[in-house]
Amino acid sequence: MRTSIATVSLSGDLRSKLEAIAAAGFEGVELFENDLLSFEGSPRAVGAFARELGLKIVAFQPFRDFEGMPEPQRSRALERAERKFDLMEEMGTDLLLVCSNVSPHSQGGLDRAAEDLRELGERAAKRGLRVGFEALAWGRHIHDYRDAWEVVRRADHPHVGTILDSFHILAQSLPLSVIPRIPKEKIFLVQVADAPRLEMGLLPWSRHFRNLPGQGQLPLAEFMRALVATGYAGFVSLEIFNDQFRSVPPREVALDGYRSLVYLRELADPQSLPPPPECRGVGFIEFCASEGEAAELEGLLQRMGFRRTRKHRSRQVSLWQQGRINLVVNAENEGFAHAYNLVHGTSVCALALEVAALQPALARAEAYRAAPAVLPEQPLPALRGLEGSLLYLLEPHSPWAEDLEPLESAGPGVGLEAVDHVAQVMPPARLLSWRLFYRTVLGLEASDLTEISDPSGLIQSQAMQNPERSLRLVLNASQNTGTLASRFLNAYYGGGVQHIAFATSDIFATLEALEANGVKLLPIPENYYLDLEARYALESELLESMRRHNVLYDQSEEGEFFHAYTQTFADLFFFEITQRRNYDGFGAVNAPVRIAAQVRQIRQALHNLETQF
Ligand SMILES: O=C(O)c1ccc(O)c(O)c1
Ligand SMILES: [Mg+2]
């Protein structure tokens, strides 16, 4: 499988697109006519530039509204094709992509279309060129890849082949059984795109919402299996029409694109990469803080039942423990944590995951082009995570805490046992990118994207987790600038951990202990409990406990979920206390109530500040 991407997938001018594509490691590029039209140099210069970068132009596209035209349009279309062949010769590409006709003037009939393509193939052959025929899902007469292939079969010309595009095929849920029957030498190109499942017309869905393999919901694994059955070994080219991608620098999309093709290769041949790491859990979470804020954060951790169990003998680095939870507070005034703190404030600068086997996890990360992070002060293997934070990978019994001297033992705390999940907030254009990162590098499964209403807009929330549920991440993004998610984004200068949820097996006892220690919980309005009472047959005593401790509640078919929140620390992050009973979600139904309560608290704090001065 050779790698390619269409220029339409990237933002910028043609020069920067080609540079980004080459830098990401692609072998080929599909050149879109629009990019040529707006290029200031000759087609010859485009070809020379691509070759200089080591890129092969695998196709020129699209050539529209060709087959099935009555005269005089038919002759005119053939003439138009000759002009495009001229350009192609100059650029140095031999394949013209012909997409199926959408014109109301076109006439149906597979034989008629085959006749037209044979004639076009004959003209192409005279110049050593080829034509590939692709069915657009909204083509007037031909909108099914099986018909496009039948037309090519009947055209019966060595310079005419078919082009398969996963979007047009999978968006219509066409059966894939015919793909393995197409001789591989008659498949001139394969284009791939994923997409979220949306209830809308095929054309706007395709033109605005395509995304990279691994980012959407189309059954690309089945598509790849069908393709593998043909023995096809040519170019697989990303063709991603997506408005959001055009607001991201081309190098970022190109790199994600390359990663998505490695993912496709893994779908086609699962043996081609080490399997996703088996994650044993979150090893530790590291906060960076200034000296002053470190004392404040540590005060909160202490009230939350954590004990300072270890401390570095010379550095300002402490380990706080409770149950299986390890929190590192780093208040050094040099090194990575310090630099991170200068940019992002008191925040999580590193997340460490325990994996069953380190070397294969690192090999997989490298194959997926995850950037390794090398710190002079820290020998642990790490990858670059969100906004330049670190993602450490720990082998079993990793001596990561050995530089820290033991102080006291952890003690019973308030009953917090483990990290339940970590929620990160990021700009909307980054959500798909990180979804792909976690999907590929860590093998996490994405659950459905949910939309959460905020008093000032909408927040998109994407949960990702491993099969063992020892790692659960929630990715949040917001388009609107006034939402709580955006507030965190602004405060962080980019993105970061918005909250950490800890699991307890007795939430009421835990909250009782937290409150006794003076931890302030997020107050939940009485109306919420009236609604709970109306919705569920809950015992009044249980309801009363929830009310008293500001606990939110959700029920699934099999289970129950109880959760509560601390107040926000330094306007940047907060903690959640969770208790699951056979429940697999995150209480998304309660998110609007939680967010509204947090917004109220922020307003209150602002008001208090104003009246102070
Ligand atoms: O949206 C289009 O018109 C269009 C053009 C060329 C393609 O290869 C395609 O998949 C879609
Ligand atoms: Mg296409």
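Cβ coordinates are placed from backbone N, Cα and C, and glycine is handled just like the others.
Curation does not apply to TrEMBL; its annotations are automatic.
Cross-referencing E334, E354, E576 with the Mg(2+) binding residues that TrEMBL gives (H421, H499) picks out E576. Per TrEMBL, divalent metal cation is bound by D165, Q191, E239; the candidate from E134, E222, E266, E278 named for the same site is E134. Among the binding-site residues D165, H421, H499, E576, the ones whose Cβ sits under 6 Å from an atom of ligand 1 are, in sequence order, D165. For D165 (divalent metal cation binding site), the number of other Cβ atoms no farther than 10 Å from its own Cβ, over all displayed protein chains, is 25. Cβ environment of H499 (Mg(2+) binding site): V422, A423, Y565, F573, F574, F575, E576 lie under 8 Å away, each six or more residues apart in the same chain. A Cβ distance below 6 Å to any atom of ligand 2 is met, among the binding-site residues D165, Q191, E239, H421, H499, by D165, Q191, E239.
Confidence for the domain 'VOC' (418-567), expressed as mean pLDDT, is 91. Within the set of binding-site residues E134, D165, Q191, E239, the entry lying nearest in space to H421 (Mg(2+) binding site) is E239 (CA atoms). The Mg(2+) site is set by H421, H499, E576; from the centre of their CB atoms, other residues of the chain with a CB within 8 Å are D420, V422, A423, V474, I500, A501, F502, F574, F575, T578, F586.
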